[in-house]
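Student: Could you have a look at this structure, given as C-alpha cells, before my questions?
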Amino acid sequence: MQHDPLFQEPTSPSVKSASTVAAARPAVAATCVITPPERVMTPVAAATRPTLAKIRIGKHLNASAIKIIGGQDYDTRQPVPLKYTEVRKRFLSARNNFWLPNDISMGDDKVQWNTGRLTEDEMWLFKTNISYLTASDNLVPDNLNHAILENITANEMRQYLRWQMAEEANHIESYFFILESFGLDEKGQGQIFELYQQIPELIEKLNWNLQFTNNVVSCDAPIGSYEKNRALLEDLISYYIFEYLFFPCGFSQVFALARNGKLRNTAQQYQYIWRDENLHAINGRWLIRQIIVENPKLWDGKMRDRVRDIIHEAVELEAAFARATMPNGGIVGLSVKSYTDYAKMLADNICRSFDLPAMYGISEHPMPWLNEFEVKQEVNFFEGRVRDYQIGTTLEWD
C-alpha cells in the first residue's frame, strides 16, 4: 500500500493567531463572492443544469462526449457507457470496505473516561478534537450536495460522490457512538459536540471551508462557464486539503493518546475513518487533475498562485487549531511544533500533487509513528477476531 510517510521535532516558524490569519488572508477571487445574507438569488433555470435537464426520446450517450464537468447534450442519469473506469473501480473498492462503528467494542475506553485516566490537557484535546471533526464531517456532504454534484456530468463520478456522502454520515455516527459508549447522556454529549462554537480558532477553520462552498453556490455565472468552473476548482482544492491535511492532523491527536494507552478503542474508530478519508483524498486529487486536463485554461498563473495562497491559509489555520486544542504546548508524544510541521509536510505534498513548488521544505516525517495506525489487518480488533477492514477484495490505493 502506498502512503505518504507519516510524524519528529524540527523547529517551525512562528505562526499567526487566528485573528491575524483572518486579516492576512488573500481575498477570494472576485469572480464569485459569498452571497450577502440580504441578497435574493434568482433561481437558475433547470435547462442550464445538465443534471436537471429533461429526458428526451431517442437520446443516446456517446462515451467520447462525456466530461467530468461541462458535459452537454447527454443524459447524466445513464450509468453506461463508462468513460472513467478508474472512478468506477474506486467506488466498488469503497463499497467493499464499508464498516459500522458498533463493530468496535468501546468497553475499555468507557472505563478510562469514567475513572479519571485522562489528564486535564488530554481531556481538553479530545473534547475539542471530536467536536471539530463532527462538525467538519457535516460540512463535507453539505458541500458535495450544494456545490459539487450539480456541476459533475460524469455518472460514475456522481455515483462515487454519493457513496462518499454515505461514508461521511457513517463517520458522524461513529463520533456519536463514541460519546454514547462513554455513558454520556444527550446533555453531556451536547456539551462536547458544541465546543467548536465557543472556540474562535475552530470556528475560523470551519468557516474557511464553508466560504468556498458559498462561493460556488452564490456564483451567478452559468454552470460550465469559466467563472463557475474557477469557483468550483477552488472549492474542490479546499476540500481536498480538508481530506488530505485537516483530517489526518486531527486524527493524529487521538492516535497520540492511544500510544500512551488511552482511548485505544476510540483510536480504532479513527483508524477506519482515516482510511475512508484517504480514499476521498485520492479521488479528490484525481478529480481536480482531470478537470485541469479537460479545462487547461483554468490552470493559469493566477490560479496556481491562488492555490498556493489557499494551501498557506490552511496551514496557518491548522497551526492555530493546534495551539487552541493543545494550549500548554502538547501532550506526551505530540507537541504543537511536531503537529504543525506535519501539516506543513502534507502541504508540501499537496503542492507536488499539482506540480507546484514546495512551500515549507519539510522532507522528514515529523511523526513517523503514525504509520502504526494505518488499517491493514488487526488482531483482537473485533473481540478477538482477526479481520481485515475490507469485506471484499484487496483495496487499491492508486
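Residue numbering: from 1, along the chain as shown.
Even glycines carry a Cβ here, placed using N, Cα and C.
Curation plays no part in TrEMBL annotations; they are all automatic predictions.
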Student: Write down the one residue from D137, D142, D185 that TrEMBL lists together with E168, H171 as binding Fe cation 1.
Tutor: D137
Student: Let me know which member of E204, E243, E316 TrEMBL also records as binding Fe cation 2 at the site of E168, E277, H280.
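Tutor: Checking E204, E243, E316 against TrEMBL: the Fe cation 2 site match is E243.
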Student: Please tell me which one of the recorded positions listed here (D137, E168, H171, Y175) sits closest to H280 (Fe cation 2 binding site), measuring Cα to Cα?
Tutor: E168
Student: What whole-number Å value do you get for the CA-CA distance of E243 (Fe cation 2 binding site) and Y175 (active site)?
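Tutor: Distance between the two Cα atoms comes out at 17 Å.
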Student: Would you mind reading off the Cα separation of D137 (Fe cation 1 binding site) from Y175 (active site), to the nearest angstrom?
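Tutor: Taking the Cα atoms only, D137 (Fe cation 1 binding site) lies 10 Å from Y175 (active site).
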Student: E168, E277: which of these binding-site residues has the sparsest Cβ neighbourhood within 10 Å?
Tutor: E168
